[in-house]
Amino acid sequence: MKNKINFEQTIQLNEQDLLKIIDRQKLPKHIAIIMDGNGRWALKRGLPRSVGHLAGAESLKGIVEICYELKIEVLTVYGFSTENWKRPQQEINYLMNLIIEYLNKEIGELCKKGVRVNSIGTLQELPQSVQDVIANSVERSRDNSGLVLNLALNYGGRLEITNAVRAIAEAVEVGCLKASQVDIQTITDHLYTAGLPDPDLLIRTAGEFRISNFLLWQLAYSEIWFTNVLWPDFRRQHLLSALVDYQQRERRFGGLQ
Ligand code: FPP
């Protein structure tokens, strides 16, 4: 991509044109998404928030598909945060059922495509029915070698780091590890994401400019792409626009060009 192309230009382009611009050799290995704006999407239409979440689950299907087609290694999506328990019980129940429905409906197709389902978060605090369907999807897809669909459920970055620190402190306490041996890799290895590459690209929809306790450690050097598009309106073209923008950035990781 010799000449820079700005966002206004990319949104004029259709999927085929965007695919022509994208350099397949320079795709992010790991894309993380904060799927925001379901509620506002519904509100704008005078519909209950649950309809927004349902439409959000449809958007997710399309985005999983394009990530799989592009051979992205990992897609992490923020499905339910440790703070989302503050929502009305009815909405929480709806979201839990939606996760169950999504996985039950999609797991066959995901397996056919070679997608491996993984999850991060404090799963043991989720309703048993949700835990069961996650365990079943993880098990059914465990040998797949395509895209890793990483579902962040009851996930919070601060809690994840706290748990990692606690596990490391326990290892030091019983003498398995010396405090002086604790380094960046030790912490990385104790996170839910151990073994996965850090996200290269974080996308947040719905015009919010926050990280919201998502992957606090792992996002240290991620490129961030914000859009005003509400998650239920987020389509393959939007992801491709984000990739075009990502490929025009110079990643220096604190060094020089
Ligand atoms: C944020 O929008 C979205 C969520 C808290 C839930 C995301 C869930 C989905 C996209 C459903 C499918 C997910 C899975 C894992 C199957 P919001 O409700 O905060 O929107 P608002 O800011 O407009 O109110």
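FYI, residue positions are counted from 1 along the chain as it appears here.
Note that Cβ sites are derived from N, Cα and C of the backbone, with glycine treated the same way.
Copied over from TrEMBL, here are the features:
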type	residues	note
ACT_SITE	Asp36	active site
ACT_SITE	Asn84	active site, proton acceptor
BINDING	Asp36, Glu223	Mg(2+) binding site
BINDING	37-41, Arg49, His53, 81-83, Trp85, Arg87, Arg204, 210-212	substrate binding site
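His53 (substrate binding site) sits 10 Å from the residue listed as 'active site', counting Cα to Cα. Checking the binding-site residues Thr82, Trp85, Arg204, Ile211, Glu223 against ligand 1 with a 6 Å cutoff on the Cβ atom leaves no residue at all.
If you check the recorded positions Asp36, Asn84, Glu223 against Arg204 (substrate binding site), the ones with a Cα inside 10 Å of its Cα are Asp36.
Annotation for Ile211 (substrate binding site): same-chain Cβ neighbours under 8 Å, separated by at least 6 residues, are Ile34, Gly157, Leu202, Leu219. Distance noted between the C-alpha atoms of Trp41 (substrate binding site) and Glu223 (Mg(2+) binding site) is 26 Å. Here the recorded positions are Thr82, Asn84, and the one ringed by the most other CB atoms within 10 angstroms is Thr82.
Long-range Cβ contacts of Gly39 (substrate binding site) within its own chain (separation 6+, distance under 8 Å): Arg49, Gly52. Here the binding-site residues are Trp41, Trp85, and the one ringed by the most other CB atoms within 10 angstroms is Trp41.
Closest in space to Asp36 (active site), of the recorded positions given as Thr82, Asn84, Trp85, Glu223, is Asn84, taking the CA atom of each residue. The separation of Gly37 (substrate binding site) from Asn84 (active site, proton acceptor), Cα to Cα, is 14 Å.
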